[in-house]
Amino acid sequence: MEVVIVKDAKAGGELIAGAIADLLARKPDALLGVATGSTPLPIYDALIAKVRGGLDASRARICQLDEYVGLPAGHPESYRATVLRQVVEPLGLPAEQFMGPDGSAEDVQGACEAYDKALAEAGGVDLQILGIGTDGHIGFNEPCSSLASRTRIKTLIEQTRIDNARFFDNDIEQVPHHVITQGIGTILDARHLVLLATGEGKAEAVAQTVEGPVASLVPASALQLHPHATVVVDEAAASKLKLADYFRHAFDNKPSWQGI
Ligand SMILES: N[C@@H]1[C@@H](O)[C@H](O)[C@@H](COP(=O)(O)O)O[C@@H]1O
């Protein structure tokens with residue numbers, strides 16, 4: 001696992017958007033897995049700026065990490081609507097280049113299995129952007145999710161519903177209890193995992209993810225099992241890392257051709 005400590009969220013967004021641009025130069029139709037929440041927004045801003053500045057992302061394909069269950073189709077806070085608004089439309093991509101699980105399906109289990117199959121048939125995710133929950137979750141894999149899990153329905157922990165109420169008029173009653181999420185095993189199938197965490201509120205989860213044991217209690221710690229996982233953190237989110245100086249030294253002395 002590589003840990004990169006950046007000055008602030010904007011620098012993190014630019015670093016990761018640069019890695020996406022490099023990927024698209026090598027593979028123009030790369031499948032890019034995107035996360036929701038506030039943290040990845042600087043990545044999307046930087047990527048959209050690159051496209052406006054001439055980067056060709058016209059063949060990029062985008063896929064969702066997770067979704068709420070039971071929101072009416074088209075609800076503005078469904079993750080489908082969110083990713084369309086924040087990523088797919090600003091990049092100018094057609095809907096056919098975007099895929100996600102169907103959170104309004106009657107057969108939820110069937111929708112989960114269909115999504116895992118669709119990801120595999122699409123050739124697998126090339127680069128998966130991840131955020132992290134305050135409890136260490138990735139996607140919506142709450143603590144004690146199986147590290148081998150596939151896309152499935154999960155029940156949210158109360159803290160996650162509290163954290164996400166800000167997207168629902170600060171009314172926790174509107175936050176669904178159930179979600180569909182790529183499983184941890186599904187996430188680990190991606191070729192490159194890039195987790196961005198910013199702010200002091202994520203410092204403890206980051207320390208446990210990077211320096212703690214691999215444990216389902218901290219779902220993001222599963223990144224330790226992946227051969228190409230990059231954790232990008234700002235100074236505040238890095239504040240509880242014991243090896244921060246080593247991570248800085250390693251990144252500062254990295255050959256420039258290597259990328260992240
Ligand atoms: N399902 C999403 C996660 O993918 C995201 O990482 C997390 C943190 O969000 P934020 O970046 O807003 O803190 O929120 C939600 O739970």
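Using the three backbone atoms N, Cα and C, a Cβ is placed for every residue, glycine included.
The domain 'Glucosamine/galactosamine-6-phosphate isomerase' annotation in TrEMBL covers 10-225.
In three-state terms derived from DSSP, Asp66 (active site, proton acceptor) belongs to an extended strand segment. Taken from TrEMBL, the feature active site, proton acceptor covers Asp66 (among others).
In the three-state DSSP classification, Asp135 (active site, for ring-opening step) falls within coil. Residues within less than 8 Å, Cβ to Cβ, of Asp135 (active site, for ring-opening step) and separated from it by at least 6 positions along the same chain comprise Glu142, Pro143, Ile157, Gln159, Thr160, Ala205. Marked as active site, for ring-opening step by TrEMBL: Asp135 (among others).
The annotation active site, proton acceptor is assigned in TrEMBL to His137 (among others). Sequence-distant neighbours of His137 (active site, proton acceptor) (same chain, six or more apart, CB under 8 Å from its CB) are Pro143, Ser145, Ile157, Thr160, Pro219, Ala220, listed in sequence order.
Residues or ranges marked as active site, for ring-opening step in TrEMBL: Glu142 (among others).
DSSP classifies Ser145 (site 'Part of the allosteric site') as coil under the three-state reduction. Every protein chain shown contributes to the tally, and the Cβ of Ser145 (site 'Part of the allosteric site') ends up with 22 other Cβ atoms within 10 Å. Taken from TrEMBL, the feature site 'Part of the allosteric site' applies to Ser145 (among others).
Positions annotated as site 'Part of the allosteric site' by TrEMBL: Arg152 (among others). In sequence order, Gln109, Cys112, Ile180, Thr181, Gly183 make up the list of same-chain residues 6 or more apart from Arg152 (site 'Part of the allosteric site') whose Cβ falls under 8 Å from its Cβ. Taken residue by residue with DSSP, Arg152 (site 'Part of the allosteric site') is part of a strand.
Annotation comment: TrEMBL describes Lys154 (among others) as site 'Part of the allosteric site'. Residue density at Lys154 (site 'Part of the allosteric site'): 21 other Cβ atoms are found within 10 A of its Cβ, drawing on all protein chains shown.
Taking a C-beta cut-off of under 8 Å and a sequence gap of six or more, Thr155 (site 'Part of the allosteric site') has these contacts in its own chain: Glu142, His177, His178. The site 'Part of the allosteric site' annotation in TrEMBL covers Thr155 (among others).
It is 10 Å from the Cα atom of Lys154 (site 'Part of the allosteric site') to that of Asp66 (active site, proton acceptor). Taken in sequence order, the recorded positions Asp135, Glu142, Ser145, Lys154, Thr155 that lie near ligand 1, meaning a CB under 6 Å from one of its atoms, form an empty set.
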